[in-house]
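Taken from TrEMBL, the feature domain 'FAD/NAD(P)-binding' covers 3-330. Residues or ranges marked as disulfide bond in TrEMBL: CYS41-CYS46. Residues or ranges marked as NAD(+) binding site in TrEMBL: GLY182, GLY183, GLY184, VAL185, ILE186, GLY187, LEU188, GLU189, GLU205, GLY274. The annotation domain 'Pyridine nucleotide-disulphide oxidoreductase dimerisation' is assigned in TrEMBL to 349-458. Summarising the annotation, TrEMBL assigns active site, proton acceptor to HIS447.
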Amino acid sequence: MAYDLVVIGSGPGGYVCAVKAAQLGLKVAVVEKRSTYGGTCLNIGCIPSKALLHASEMFSHAAHGMGDLGIEVPAPKLNLEKMMAHKDATVKSNVEGVSFLFKKNKIDGFQGTGKIVSAGKVSVTGEDGKAQELETKNIVIATGSDIAGIPGVNVDIDEKVIVSSTGGIALDKVPEHMIVVGGGVIGLELGSVWMRLGAKVTVIEYLDTILGGMDGDVSKQFQRMLAKQGMAFNLGAKVTAVEKTGTGAKVTFEAVKGGEAQTLDADVVLVSTGRKPFTAGLGLEEAGVALDNRGRIEIDGHYKTNVDGIYAIGDVVKGPMLAHKAEDEGVALAEILAGQHGHVNYDVIPSVVYTQPEVASVGKTEEELKAAGVAYKVGKFPFTANGRARAMLATEGFVKILADKETDRVLGGHIVALGAGEMIHEIAVLMEFGGSSEDLGRTCHAHPTMSEAVKEAALGTFFKPIHM
Ligand SMILES: Cc1cc2nc3c(=O)[nH]c(=O)nc-3n(C[C@H](O)[C@H](O)[C@H](O)COP(=O)(O)OP(=O)(O)OC[C@H]3O[C@@H](n4cnc5c(N)ncnc54)[C@H](O)[C@@H]3O)c2cc1C
């Protein structure tokens, strides 16, 4: 049977594209080589990491955060096996949810490795080596990304002692010392998990700041908060070797600007230096699909590759490697294929670091505005001046809003706080509608809420906050 659409890969890009296309009346198949749907995000990424972040945060809260609220509890005991079972159950219910959506929307699922034979033809090879061919009007490549190693360093990731994020969410005991190579989102999130559960955690990062690319105020203050929690940092440091020893592993590094080599021993080393697009085995060369100079599939403004009838979305194409970016591209492409006008606003894609406190941002950073020569205003409001934050003993952090100096249109929002990842969306919605900081500052916010700090920062952008 010929399909309207065959999607290769069932991560948030692929499965959402498939569901939306089926909702719009297209006949859809999805090819997935994993035994479960949901891709990196649901199986080994966003979802399991957030299950562990939540559980470890509760553990840490029970140990350190209750006494000042007048709740005296005995020191909590860790049952790591049960915590991991909670994570696995969370993954299971989410991946089953995707199977349910496929059934509900009459999407055919094929388990196996998908390869593009030519435009209009995809072969699927199952684990038994048997292949079948699917015919389709359109092909969507949504094969995601894979771990990138450390540039120039040969690292043997065994997922036990030297681990990627995949092993980092499945350790069977809390390491005494964990070295995290790479101070980006994944390293800081998983480093936080194991630090809360009792590990000493040392982050080694090539750049002079953690969370490279985030607003400078945010990364500086956030680093101080993590250091206060006990995380150690070696910034501006280049890792030159990661080797297994009899008892664990040792990491050799030196200052980027030059200096003596140093070594640190750890029982677990987490390599979290980023991810790279995954295109192996797809038959792209034979099909004539072009890649860009960073190995990503090249696409036009409508997600079409250089070959008619072949499209690509998600981590395998340019843009931030985020699940919601992949999802929104999936929806936009399904709409385009159904004859509608799908579109993603890349200026308004929020990003969240799910640590404690959380870090959330949307739009431009102050550094980006400076570099682009845009005249801007800044409004900042600390949670120390927010009543709800005081009531919850959650006064760490601030809201920062950046608006155009002339028009007052909001260009960026940055929040460090408990619940920042939920609060960021009011700034995102405002930006989607081209709103100004005065619009935000004059919007009535319920009292007492953490979100009042967003309103106050907006007030600070076009005039003055009330409570400061
Ligand atoms: C530890 C971790 C935590 C993360 N946390 C977050 C987070 O909190 N928020 C967020 O937004 N993002 C997060 N991410 C990133 C997020 O997971 C990715 O951006 C997202 O999964 C990309 O979706 P995708 O659909 O492009 O690809 P993927 O989710 O990578 O899915 C691609 C799928 O394609 C399949 N595939 C590949 N090749 C073939 C083939 N030839 N045939 C058949 N199937 C194939 C793969 O098996 C995979 O299932 C995290 C990532 C990691 C690793």
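From the backbone N, Cα and C atoms, a Cβ is placed for every residue, glycine too.
TrEMBL does not curate its annotations; it predicts them automatically.
Computed from a predicted structure; not experimentally measured.
Positions of TrEMBL features highlighted on the structure.
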residue : record                       : DSSP (3 states)
CYS41   : disulfide bond               : helix
CYS46   : disulfide bond               : helix
GLY182  : NAD(+) binding site          : coil
LEU188  : NAD(+) binding site          : helix
GLU205  : NAD(+) binding site          : coil
HIS447  : active site, proton acceptor : coil
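Screening the recorded positions CYS46, GLY182, ILE186, GLU205 for a C-beta under 6 A from any atom of ligand 1 leaves CYS46, ILE186. Rounded to a whole value, the Cα-Cα separation of LEU188 (NAD(+) binding site) and CYS46 (disulfide bond) is 14 Å. Sequence-distant contacts of HIS447 (active site, proton acceptor), defined by Cβ-Cβ distance under 8 angstroms and a gap of at least six in the same chain, are GLY387. What surrounds the NAD(+) site, by Cβ distance within 8 Å of the Cβ centroid and not counting GLY182, GLY183, GLY184, VAL185, ILE186, GLY187, LEU188, GLU189, GLU205, GLY274, is the set VAL180, GLY191, VAL203, ILE210, LEU211, SER272, THR273 from the same chain.
Counting only same-chain residues six or more apart in sequence, the Cβ atoms lying under 8 angstroms from the Cβ of GLU205 (NAD(+) binding site) belong to GLY182, GLY183, PHE233, ASN234, LEU235, GLY236, ALA237. On the 0 to 100 pLDDT scale, the domain 'Pyridine nucleotide-disulphide oxidoreductase dimerisation' (349-458) averages 98 in the predicted structure. Of the listed recorded positions, namely CYS41, CYS46, LEU188, the sparsest CB environment within 10 A is found at CYS46.
CYS46 (disulfide bond) sits 9 Å from ILE186 (NAD(+) binding site), taking the Cα positions as reference. Candidate binding-site residues: GLY182, GLY184. Fewest other C-beta atoms within 10 angstroms, GLY184.
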